[in-house]
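S.K.: If you scroll down you'll find the structure; I have some questions about it.
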Amino acid sequence: MVSESITPQQWISYGITGYRELVYNPGYDQLFAEEIDPALSGFERGTLTQSGAVAVDTGIFTGRSPFDKYVVRDDKTRDTLWWSDQGKGANDNHPLDQQTWVHLKRRVGKQLSGKRLFVIDAFCGANEDSRLRVRFVTEVAWQAHFVKNMFIRPSDEELRDFEPDFVVLNGAKCTNPDWREQGLHSENFVAFNLTEGIQLIGGTWYGGEMKKGLFSVMNYLLPLKGIASMHCSANVGTDDDVALFFGLSGTGKTTLSTDPRRRLIGDDEHGWDDDGVFNFEGGCYAKTIRLSPEAEPEIYQAIRRNALLENVVVRADGSVDYDDGSKTENARVSYPIDHIDNIVKPVSRAGHATRVIFLTADAFGVLPPVASLSMEQAQYHFLSGFTAKLGGTERGVVAPVPTFSACFGAAFLSLHPTAYADVLAKRMHAAGARAYLVNTGWNGSGKRISLKDTRTIINAILRSDIDDAPTATLPVFNLTIPTALPGVNGAILDPRTTYASVDEWRAKADDLAQRFIDNFSKFTDTPAGVALVSAGPQR
C-alpha cells in the first residue's frame, strides 16, 4: 500500500530530494524478512532468536543521548520551553539556532535522499481529539519495526488520507562534522523544531530516541491545552476505577501496576483530558536485564514473533542470555501492547483516575510504607520525584544514593515542571482523585519492605480501605500515615518504630528532609513553586 497523501511538496519540506523505493507501512511479515536479510550488515542486520523475536544492536548508543538533545529556540518556544540555560533546574532542552537547524536538516535529508525508504504513519495518543499523527521516515527496517510496535497503528482507512502533524526523520547513519564550530556537544544529534513539526536524528541508533522524542513533543503540546501529560503506568479495575502509578526505575512501578484483577491501560506514557486517562502508545518498551519467566511472566511471554529485542546477548543456538549485561544494563524489548493478555480493549483508554500513587524506594529508611497526601503535598512529591538506591562505597560500606527527577521524568519535560504539577492537580481535583505516597524501600530494620506488604497496601488504596483507617502524623515530613491496615503488620506503618530509638530515625529524617529542601529550591523560580514549599518537609 502506497499513501497517495505523501506529496512531492512534502518530500521537499523534509529535505529529501527523491528516493529509490518507498516501502510504506509494511506489515510485520515483510519487516521480519527485511531486518534479517543476510545481505545486511552492521547495526542494520537483526538476528533471529529462539523465541521468534528479532534481536538488534545499537552500538555504543544503548540509551538516550541527553547532551545531544536540542530544540530550536524561536518565537514559538522562546517563552514557553523549559530551557537548559534558564532557571535553576538542569534539563536536556539545549537551545539550537535556526541556522544550525537548517544545516542538520540538510545533513539528514542528504542521507535519506535516493535511498530505499521505510515510512511508518502512526498515531501518538489513544484519544482522537488530542492524538498526534506522526510520520516516521528511515532507511533501516528494524527502526520501522520499532515504531510500528511502539505507536498506535492506524487502520487502512485512516491511512488513506493521513496528514502528519509531526515528522521524525531518522538519519542514524549520518553525523555532523561541524559540531565544534557550531558549539554543539558532539557529532551526534537529536534535534526538534516544534514550529516545523520535525525531529531529526543523526549518529545514534538507539530506538528509544524516537519513542521518548515523541513523549517530549506531547509533553510540550498537551499541558498548554490543559491536558495532563504523564510518565506513569495506568490500570483499571472491574468497577472502572482507574489508578495511576508514578515511579522511577527500581520502585516497582511495572510490578505493582501489573495485576491479574485489573486491566492494563499502558505501562509508560499517558494523558488525562476531559474524557479520562489514555495511553500515548500502542506498545511496550520493557527492560530485559535479568528477565525470567518466574519474576515477570507477562513480559517474558510477550517476547515472541513481532517483538524486537535491543542489545541483548544472543547465544550461538539463538537463545538469549538475559542475565548477561555485558552490552548494557539497559537491554530492552519492544512489542505491540496486544502481546499482553489483560489489557484495555479495543482502545487503550479509560475514565478518570480516582487513585494516584507515587512510588519511592527510600534506601534511607525514613519514609513510611504509605501516606495519604493533600493536594499540595501531592504536587510537592510529584515535583520532587524522589527515590534512593543502595550503592557501595570504596570501603564496601553501603550508603543510600538519592535521586530526584521532576515529575518522575525530568529528562522528557518540555515545560517548567510546575506546569505539569498544576495540570495534574486540576485533573485530580475535578475527578475527586486522592494521592498516596508508597515506599517500597527500606526501614529501620535494615530490611526492604516486603512485596507482600506493599501489594496489600496497594490493594487497600485501590479498595479505599485506607481512607477509613486510623491515622497519625509523621513529623518532619508532616505525612498522614495509617496506624493500622488489614493484612499489614502495624509495627512497620510508622517508620519510627522500626528503629532502636526515635532519635535515630529523627537524625536520618532531618538529613533526608534537607535533601528534599535543597532539591526543591530549583522550583522556587516560579510563584507556583514558592507556594508549595510549605507542603514539603520542615526542619
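A Cβ is built for glycine as well, from the same backbone N, Cα and C atoms used for every other residue.
Pulled from Swiss-Prot, these are the listed features:
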BINDING   R64, Y206, K212, R332  substrate binding site
BINDING   K212, H231, D268  Mn(2+) binding site
BINDING   K212, H231, 247-255, E296, R332, 448-449, T454  ATP binding site
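Let's see these features in context: how buried, what's close, how far.
M.R.: For the recorded site, R64 (substrate binding site), the DSSP three-state label reads coil. In this view, R64 (substrate binding site) is surrounded by 20 other Cβ atoms within 10 Å of its Cβ, with every protein chain counted.
In sequence order, H231, C232, S233, E281, C284, Y285 make up the list of same-chain residues 6 or more apart from D268 (Mn(2+) binding site) whose Cβ falls under 8 Å from its Cβ.
DSSP assigns S249 (ATP binding site) to coil in the three-state reduction, placing it in neither a helix nor a strand. The local packing around S249 (ATP binding site), expressed as other Cβ atoms within 10 Å of its Cβ over all shown chains, amounts to 13.
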S.K.: Can you give me the residues near the recorded Mn(2+) site, meaning same chain, not K212, H231, D268 themselves, Cβ no more than 8 Å from the center of the site's Cβ atoms?
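M.R.: Same chain, not in K212, H231, D268, Cβ within 8 Å: K211, F215, E269, G409, F412.
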S.K.: How many Å separate the two farthest-apart Cα atoms among the substrate-binding residues R64, Y206, K212, R332?
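M.R.: Largest pairwise Cα separation, rounded: 14 Å.
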S.K.: In whole Å, note down how far the CA of K253 (ATP binding site) lies from the CA of R64 (substrate binding site).
M.R.: 21
S.K.: With Cβ-Cβ distance below 8 Å and at least 6 positions apart along the chain, what are the contacts of K253 (ATP binding site)? List them in sequence order.
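M.R.: In sequence order, C232, S233, F245, F246, G247, L359 meet the Cβ cut-off.
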S.K.: In whole Å, note down how far the CA of R332 (substrate binding site) lies from the CA of S249 (ATP binding site).
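M.R.: Distance (Cα to Cα, whole Å): 14 Å.
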S.K.: For the recorded substrate site, enumerate neighbouring residues of the same chain (Cβ within 8 Å of the Cβ centroid of R64, Y206, K212, R332, site residues themselves excluded), in sequence order.
M.R.: G63, G207, G208, E209, K211, N330
